[in-house]
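Feature annotations, reproduced from Swiss-Prot:
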| type | residues | note |
| --- | --- | --- |
| REGION | 15-368 | region 'Interaction with DAB2' |
| MOD_RES | SER107 | phosphoserine |
| MOD_RES | SER108 | phosphoserine |
| DOMAIN | 127-215 | domain 'EH 2' |
| DOMAIN | 159-194 | domain 'EF-hand 2' |
| COMPBIAS | 241-255 | compositional bias 'Low complexity' |
| MOD_RES | SER244 | phosphoserine |
| MOD_RES | SER255 | phosphoserine |
| MOD_RES | SER259 | phosphoserine |
| DOMAIN | 273-363 | domain 'EH 3' |
| MOD_RES | SER369 | phosphoserine |
| MOD_RES | SER558 | phosphoserine |
| MOD_RES | SER610 | phosphoserine |
| COMPBIAS | 622-636 | compositional bias 'Basic and acidic residues' |
| COMPBIAS | 643-652 | compositional bias 'Polar residues' |
| MOD_RES | SER664 | phosphoserine |
| MOD_RES | SER670 | phosphoserine |
| COMPBIAS | 682-696 | compositional bias 'Polar residues' |
| MOD_RES | SER695 | phosphoserine |
| COMPBIAS | 703-743 | compositional bias 'Low complexity' |
| MOD_RES | SER732 | phosphoserine |
| COMPBIAS | 776-790 | compositional bias 'Pro residues' |
| COMPBIAS | 791-802 | compositional bias 'Polar residues' |
| COMPBIAS | 840-853 | compositional bias 'Low complexity' |
Amino acid sequence: MAAPLVPLSQQIPGGNPLYESYYKQVDPAYTGRVGASEAALFLKKSGLSDIILGKIWDLADPEGKGFLDKQGFYVALRLVACAQSGHEVTLSSLSLTMPPPKFHDTSSPLMATQSSAETHWAVRVEEKAKFDGIFESLLPVNGLLSGDKVKPVLMNSKLPLDVLGRVWDLSDIDKDGHLDRDEFAVAMHLVYRALEKEPVPSILPPPLIPPSKRKKTVFAGAVPVLPASPPPKDSLRSTPSHGSVSSLNSTGSLSPKHSVKQPPVAWVVPVADKMRFDEIFLKTDLDLDGYVSGQEVKEIFMHSGLTQNLLAHIWALADTRQTGKLSKEQFALAMYFIQQKVSKGIDPPQVLSPDMVPPSERGTPIPDSSSTLASGEFTGVKELDDISQEIAQLQREKYSLEQDIREKEEAIRQKTSEVQELQNDLDRETSSLQELEAQKQDAQDRLDEMDQQKAKLRDMLSDVRQKCQDETQTISSLKTQIQSQESDLKSQEDDLNRAKSELNRLQQEETQLEQSIQAGRAQLETILRSLKCTQDDINQARSKLSQLQESHLEAHRSLEQYDQVPDGVSGTSLPDLATLNEGILLAERGGFGAMDDPFKNKALLFSNNSQELHPDPFQAEDPFKSDPFKGADPFKGDPFQSDPFSEQQTAATDPFGGDPFKESDPFHSSSSDDFFKKQTKNDPFTSDPFTKNPSLPSKLDPFESSDPFSSSSISSKGSDPFGTLDPFGSSSFSSAEGFADFSQMSKPPPSGPFSSSLGGTGFSDDPFKSKQDTPALPPKKPAPPRPKPPSGQSTPVSQLGSSDFPESPDPFQPLGADSGDPFQNKKGFGDPFSGKDPFAPSSSAKPPKTSSSGFADFTSFGNEEQQLAWAKRESEKAEQERLARLRRQEQEDLELAIALSKADMPA
C-alpha cells in the first residue's frame, strides 16, 4: 500500500475529458480535495462491492489522510476500471490498457452533461453534525420529529411566520408531516441562510435535497420500484386508438391514389442504451419467458423517483399489445422514456410516434378509407356508389363514435387519475395508519410500563403507609412515655421543691442552732470564767486550810509542851494557851472571832480520839453558801431535749432554758462530806474511757499461750534433735558423718520433738481423711535403679566401714508406725519414703548398723584419667546429639517452608 504511485502521464492519457468530467462532479469548486463521503457516494455508482471499493480507497489514499486529491481520485477511477475489466486491483494494473470506468448512467453523454451541483449536498459535514445534535436533543420518536417539537426551535430564530412556513414545506420532502434527520438538517440550513439575509427559495434546489431523498436514475444492478397496480386495460387499450385517429387525421388528406410506402424509420432508442437495457431485462426476467411483468419491473421503475401516474403512462405507451407484460424491445422503450424524463426532463409523448414503435411491431400501413372511397367513384356502378355512400355514412358515424370514445377515454383517464390519487391517498393513509399503530403500540408499551410503575408505586405506597402506621404507633408510645415522664418529672419536681423547702427549713434550724451554740458557748465561757474564779477561791481556801493545819500542828506542839510540864510547877505560872496563841491564831484565821475558833473548845483539843482531832473546818458553816450562779443558771434547760430534725414545728425557745444542774448544786457541800473528796456520780471526768477496766475480764490472746508446736518435754538440750549433732557440721566429705541415716527408716522413731507435745492427739488421725476407712492404694512401683557410672570397679556404699559413717541420731529418720506418727496412719496412706531406697544396692541382705547403705557409690568413677576419658566421651556424645537435633530442626524447617510455599501458590 505504501508503494510509490506510477506517474499520471503513464496511467491516464493526457487531457482525458471523461476523467475531468468525473472529477468536476465530485469537486465542482475545484478545491483540490474530495471528501470521503463524496468519493464513496460516487464510487458506489460503479456497482462494485464494498470490499473492492475499500481496497481501492486504501490504494488511492496510502497516507490515510481521509480525503483524495485530484491525483488520488484519478487513481481510484483507474482502479475501478481495472475491477470492471476483470483485472486485479493493484497499483501494477494501472499501466494496463482498459476501457474507461462506468458509473451507471454517468457514462452516457446525457448524464455527463448533467449539472454536477445536483450530486452534492449543500449541507456541510460539520453543520450536519451540529444539526444532528440538536435533532437528538429534541427526543425523536422512531427517528422522526413532529411539528410541535420542531416549532419552538424554528420560532427561536425570530423569522417571520410565512418564511418559517415555507421552510417547513421545503424541508418536509416526503410530505409526511414529520422531519427525519436529513430533513431537519435541511430546515436548519435554510433557517441559518435566512438569518444571513439570503432569500428562501420557493422550490427546494437540487443541492439541498438530501442524498437519501434524491430521485435515482435507473442503472445496472439497481432495484427500482413500479406501482403496485398496473394501469387499467381500458386506458391501455385506448392508447393505440389515439395513434390510429391521429394517423387517420394526418393521412386523411392523402389521396388513395398516391399512397406511398413510407421508408423505414430509425428507432429512437440508441443501440448502446438498447444493449444496456437488454442486460437489465435479462437480470429482471427471472422466469426467462421473454417478458417481464409489472411486479418484476416495479422496483426498477420506482427507483427512478418519478410519480406513479407518469410511470403508468409510460407503461401504457410501452405495452403496445396490451398484454400486461413487456417484451425486450418494449422494456427498452419504457426505460428510454424514463431516462429522458430523469436526465433531460422530457415528458413522454401521449402517443407513440413512428420512430418510437418497436421495430418488431412495425407492420403494413393501415389502409386509408378515403382511397377506397375515391376508387369507388371511378367504378361507374350504382351499387358501388351506394356502398361508398354507406361507407361514408359509416365513417361519419365512426368519427362521431371515435369522438365519443375519446371523450369517454378522457373521462376514464380523469377517473383513473382520481383513482390513482385516491390510491395515493389510501397509501398515505395506510402509512399514517401504520404510524398510528406504531404510536399506539408505543403508547400501549408506555401504558404497560406506567401500569408496572403504578403497581410499584402502590406497593411503595403501601409500604410507606405501613411505615407511617408504625411510626405513628411509635410516636404515640413515645408521647405516652413523654407524658408519664412528664408526670414523673412533675412529681420529682414537687419532691425536689419539698426537699428544697425542707432543706431551707433545716438550714434555718441549723442557723438557729449555730446561733444557740454560739450563745451557749458565750454562756459557757462566762461559766468557765466564773468557775475559774471559784477555783481561785477554792485555792485560797485550801491555802488557808493549810495555814490552819500548820496552826493546828503548832497548837499540838504547844499541847505537848503542856504535857511535858513537871508536876511541881504550878499551873498559874504557865501562860494561858488561849491568850498565848490568840494573836497568832487571829492572824492565821484571817480575822476569825473567838466564837469561830475551832480550837476554842478544850475538850476537843485535848481529846485522844483521832477522829475528833481532825474535825471538818467547814462543818459549822458552808463557805459556798451563796451561789454566784443561782440567779441565772446557764444550764437551766436541756438544749437537746427535743429533736431538731423532727417534723414538729420549731419554736423560738432558749436552747439553754432548762438547767441540767438544777436538781443539785455541783458546788454544794454537806456538813459531813468534804467537797473535794466526794465525786459526783455523773462527773464525766471521773474515769478515763481509755483506761483498762479491771472489772472486765480481759480477752484471751489466742497466741498468748504456749506455742502449738512447742513441746513440753523439750526442757533439756538432750531432747533437741538438732542439739547434739550438726548434720552439716563436718567440713569434709570423706566420711558419712553429718548425714542422715536412711537405713533406719523402718525403725520406730525415738521421742521426737512432736511426740511429747502432741502425744496421741496431735496428728495420729488424719484431720482431712473421711470418717470411714479409705481402701489402701496399690503399692507404687519402685523407681528404676540409678545407672552405674561408666567407670571401673568401685566399692559400693554398703561395703564401707562404720568409721566412714558413724551412727548418729537421725533427725530425718522416717516416722514409723508409731501411734504418735503424724504422717503415717495404719488406716490411711503409707509413708511415701518408707519403701525401698532407690539408691540402695540391690542386695537383699540387711546392712549392718555401722554401714552407710542407701547411698550411691561415688568412688566408682575411677581415677582422674578415666574420669576425663568418660567426660570426653560424654561431651562428644552430647555434641553428636546436638548436631543431630540441629539437622532434624533444619529438615523440619525446610519441610515447613516448602509446605508454606505450596500453600501460598495459587491453584
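Keep in mind that glycine also has a Cβ here, set from the backbone N, Cα and C atoms.
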- Item | Model confidence over the domain 'EF-hand 2' (159-194) (mean pLDDT, whole number) | 86
- Query: Around SER558 (phosphoserine), how many other CB atoms lie within 10 A of its CB?
  - Reply: 15
- Intrachain residues whose Cβ lies under 8 Å of the domain 'EF-hand 2' (159-194), provided they are six or more past its termini: 122-123, 127-128, 131-132, 134-135, 140, 143-147, 150, 153, 200-204, 208-213, 428, 431-432
- Query: Where DSSP helix means H, G or I and strand means E or B, what are the helix, strand and coil counts for the domain 'EH 3' (273-363)?
  - Reply: 52 helix, 4 strand, 35 coil
- Task: Please report the DSSP secondary structure of SER558 (phosphoserine), reduced to three states.
- Result: helix
- Could you count the residues of the domain 'EF-hand 2' (159-194) that DSSP puts in helix, in strand and in coil? 25 helix, 2 strand, 9 coil
